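See structure below.
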Amino acid sequence: MFQIMYLYRILSTIVWIIIINFHYITCQSDYLTSTNLIQLHPESQSVTLNSTVRLQCRVRMLIDPDTGAGVQVYWSKNDFGIGGNREDIQEYGRNSRYDYSRYDLPYNLKEGQYDLQIMNVELSDEGSYVCQVNFMRQQYLSQTAVLTVQVPSEAPQLVQITNEGKGQRIDIGPSRPAVVDDGSIMLLECIARHGKPGALLTWFIDGVQVKLESNPDSTPGSFISGFSGNLTFQLEASAKIPRLVDATSSMRAHLNKLHHGKLVECRAENTGYEMHTLRPAQTKIEVHYAPVVSIQVRPSRPDNQFMEHDIITVECTAHGRPDSFFWEWYVNGRQVENIAESWYRLRLTRELHQSVFRCIAISNKKGVAETTIKVKFGPQFHQASALLFTASPGEDVLMDCPAIGNPTPHIEWRREGGREVLSRSVSLKRENLKEEDFGTYICTAFVPEFPPVSKQMYIAKRKPPRIQPNPIVHAYLGQPARLRCTVNSVPLPPSGQTHWYFNGNPIQPDSHHKFEQEEFIGGVVLVLHIAHVMMSDFGQYNCSVKNGYGSDWKLIRLSHQEDIPIQFIIGAAVTIGILLIVGLILLCICRQRVCGFRYNKGNRTKQPSRSSLQDYGVVNSDFITRAYTPNMHYRQDPYQCYSNNPSLNKSFTRYAFDGTDQGSMRIPKDQSENCFYETSKEDMCTNT
């Protein structure tokens, strides 16, 4: 009985405990929330690539009194469940790049430690994570933890937009400078691509960081560091990976050639990667400017004044950037072909006086320099000035004698053969002409340092024409003929007052006859051309002329010229050839007989041939011997002779002897022999 009572008490106690616990749990379940069920919520984090992150989730471990089931914990990412136990979580975290799962629940789950651990974080891990607890048919959610993955951008790159931001985009760097013209605007962009949340870009000029102006009155983004300019910054989604962004900073600056060679650098820094420095982008500024050209003339002369025919070199030098130049030369605005050097060598002529020489250096732009060359040259008359002036007695005549030269020529007028200066101006006026005023006048132009030049000018009296006689012209049948009629006429016969007649009939120009005129000072030559002479063309031709003061005519006869037979020409040539050969043979025979012997002190000795006195500088014609006359005195007058030979420094005398066929001559004292010669023959003495 006692045992039954003890057992009853124990069971009653257990029942009461169960009832009390059930009542407690039931009452407590009515008050469970996410806050008191989930003791530690996950928090939002920003992590770097390849790092390990832990999202905490600590849960109270309760048991459902009805079912005896405990709490169930699940993780979700972007509202998609990834697992509620270690096996499911690890399965979700597996991929082909790793032989293990990057996702895990590494802690004691029985104690409610449901922390989610992600190793080797990738960009795909980014998202919203929630720890979900299921208990007694209720869902309890943790706060949302946003996992942000920070991605370092690529190394920055520099890009130049040419034409002040309106041209093409060019990648620049250490090996390619930023090229800008002097006085223009340079626009650079520094781009750090594919980063998250985007790189922070900083500019440096010659190693000094560019800082924006803090003055509120200044333009936003303006700076003064090495040179003045403006900076802007923007972020935009990457074209290839939209989840990443490209950071771009633009520099706009107004440059001149003093900024040449400055180093521009752009550095990129990524959040979370402060210890990992990216390679900066840098380049140098190359400021181009138009060539500055200078020109000089060698040899140097004051005021570039040279003499005609001088040879000069016009040379140009230039400095600019770039410093490789092409050259062009212009003289008086006309380009000189085939000259590509920086110098131009030439001989000066009078036509180049006051010429402008221009050289152009060409690189990216053009630089120009020019100089004027002055050429001094002698006087020269204008070819177009008249030489003949016609007048009648009592009239006035004005003659002009224009001349050019540098310096300006001085003019003097004189009568031909006279010394009196009639005028020193360009013009000479003769009023109320008299007979003695007609004739030739001399106009002379003077320029210092040059010989003067003169020309004849004529004042001719008007009178009837006169034709010079030209009675006979010979011509061959079938050949062209030319009849000339020279007319002296002041003034010249006017057009239509010159005529040709044949056998009394006027000749008209046609295919057989052609007229020409050749004017000269004071007259004209009338020429009649006959294309092919026929028998009917032989005869008398009449040349008639008329001017306002009279007329004249002359007859010109066209005569038939007989052809010489070819047989006669050949026979004459053969005869002349035979006579020449015979003459040469006789001449050689005579020279051998006469010149084969010579006399030395009266003894006749055989010699090869005589030696001419010309071999010793004496010309045979220097010796003039008078003819031998038996009735003359014993000795003729001596003839003094001189030698052209410089070795004979003394004269000698030749005498002729009476009654003998030999003569002698005296030679210098340093010669010991006398020389005799035979008077009936040539002088065969050697002048030694």
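Glycine too: its Cβ is placed from the backbone N, Cα and C atoms.
Automatic, uncurated: that is what TrEMBL annotation is.
Some features that TrEMBL has for this protein:
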type	residues	note
DOMAIN	35-148	domain 'Ig-like'
DOMAIN	156-286	domain 'Ig-like'
DOMAIN	291-376	domain 'Ig-like'
DOMAIN	379-445	domain 'Ig-like'
DOMAIN	465-559	domain 'Ig-like'
TRANSMEM	7-25	transmembrane segment
TRANSMEM	568-590	transmembrane segment
Could you put numbers on the helix, strand and coil content of the domain 'Ig-like' (291-376), residue by residue per DSSP? 6 helix, 54 strand, 26 coil
Counting only residues 6 or more past its boundaries, what in the same chain has a CB within less than 8 Å of a CB in the transmembrane segment (568-590)? none
When DSSP states are grouped into helix, strand and coil, how many residues of the domain 'Ig-like' (156-286) land in each? 7 helix, 74 strand, 50 coil
Give me the stretch from 35-148, 156-286, 379-445 with the greatest number of Cβ pairs under 8 Å to the domain 'Ig-like' (465-559). 379-445
Recorded stretch, among 156-286, 291-376, 379-445, maximising Cβ pairs under 8 Å relative to the domain 'Ig-like' (35-148): 156-286
Overall pLDDT for the domain 'Ig-like' (379-445), taken as the rounded mean: 92
Using DSSP, how many residues of the domain 'Ig-like' (379-445) fall into helix, strand and coil, respectively? 3 helix, 33 strand, 31 coil
Helix, strand, coil: count each for the residues of the domain 'Ig-like' (465-559), based on DSSP. 3 helix, 59 strand, 33 coil
